[in-house]
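The compositional bias 'Acidic residues' annotation in Swiss-Prot covers 75-88. Summarising the annotation, Swiss-Prot assigns compositional bias 'Low complexity' to 101-111, 244-261. The region 'Disordered' feature in Swiss-Prot is assigned to 1-59, 75-135, 145-164, 223-261. Annotation source Swiss-Prot lists region 'Required for nucleolar localization' at 1-19, citing similarity to another entry. The annotation region '2 X 5 AA tandem repeats of R-R-R-G-P' is assigned in Swiss-Prot to 3-12. Swiss-Prot lists 16-31 with the feature region '2 X 8 AA tandem repeats of P-R-P-G-A-P-A-V'. Summarising the annotation, Swiss-Prot assigns region 'Interaction with host PPP1CA' to 163-176. According to Swiss-Prot, the feature region 'Binding to PP1CA' maps to 163-176, an assignment based on similarity to another entry. Per Swiss-Prot, the feature region 'Important for interferon resistance' maps to 178-261; the stated evidence is similarity to another entry. If you look up Swiss-Prot, you'll see 206-221 marked as region 'Interaction with host EIF2S1/EIF-2ALPHA', on the strength of similarity to another entry. Look at Swiss-Prot and you will find 128-137 tagged as motif 'Nuclear export signal', backed by similarity to another entry. The motif 'Bipartite nuclear localization signal' annotation in Swiss-Prot covers 188-206.
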Amino acid sequence: MSRRRGPRRRGPRRRPRPGAPAVPRPGAPAVPRPGALPTADSQMVPAYDSGTAVESAPAASSLLRRWLLVPQADDSDDADYAGNDDAEWANSPPSEGGGKAPEAPHAAPAAACPPPPPRKERGPQRPLPPHLALRLRTTTEYLARLSLRRRRPPASPPADAPRGKVCFSPRVQVRHLVAWETAARLARRGSWARERADRDRFRRRVAAAEAVIGPCLEPEARARARARARAHEDGGPAEEEEAAAAARGSSAAAGPGRRAV
């Protein structure tokens, strides 16, 4: 069974901190702060008569006394006031500022601004370390040579110079590729080099086999083989001895390097 909760109690309202700006309530008339600049919403008009300023304005709000004008019921017509405007300004006594325009209330006096600090004279510069000085010098020389090379017109070849087989465009850039020595050698030789090595190896093996099998394929070796086969079929010991003697004689005639089969 769920517990029933009563109405939520609200705690005490937080009081604004001292010195925090007051937030105006919605719908309340906006009151300009002392020293604030006039805005488009306030529609302030300069007061030509200091006596018509708002008397209820605080003493610290000099902006309201200077700019705010409250119209009265017994004001004369605008046309009459406009006609006497030049005469009133001509007969009006000079202001306290000596004819100068009044300074804005928000503008700070010139005496209040602190003078700019005097510039410190730079002393003699410290010498650079050797490696930095060398690098600076080489960089300066390189930039000077580069600028001189850019200013100099490109050298054109003479007319009687022999023309090469290949003419590169000035836009072509040649970049040297770095390759391993083995890869470069194989690229120069190609696949035919390996095929030639294989053919040489096969030729040597065939020659070695012919040196061993060649004596067995000669006519004399074949005749001895036939005689030995007949003697074996007949079974006579005399014929076997003759075949063995003939084989020994043929091996002696062939030489020590050859072997009779």
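Using the three backbone atoms N, Cα and C, a Cβ is placed for every residue, glycine included.
Taking the region '2 X 8 AA tandem repeats of P-R-P-G-A-P-A-V' (16-31) as a whole, pLDDT averages 63 in the prediction. Secondary structure of the motif 'Nuclear export signal' (128-137) per DSSP (helix as H, G, I; strand as E, B; remaining residues coil): 8 helix, 0 strand, 2 coil.
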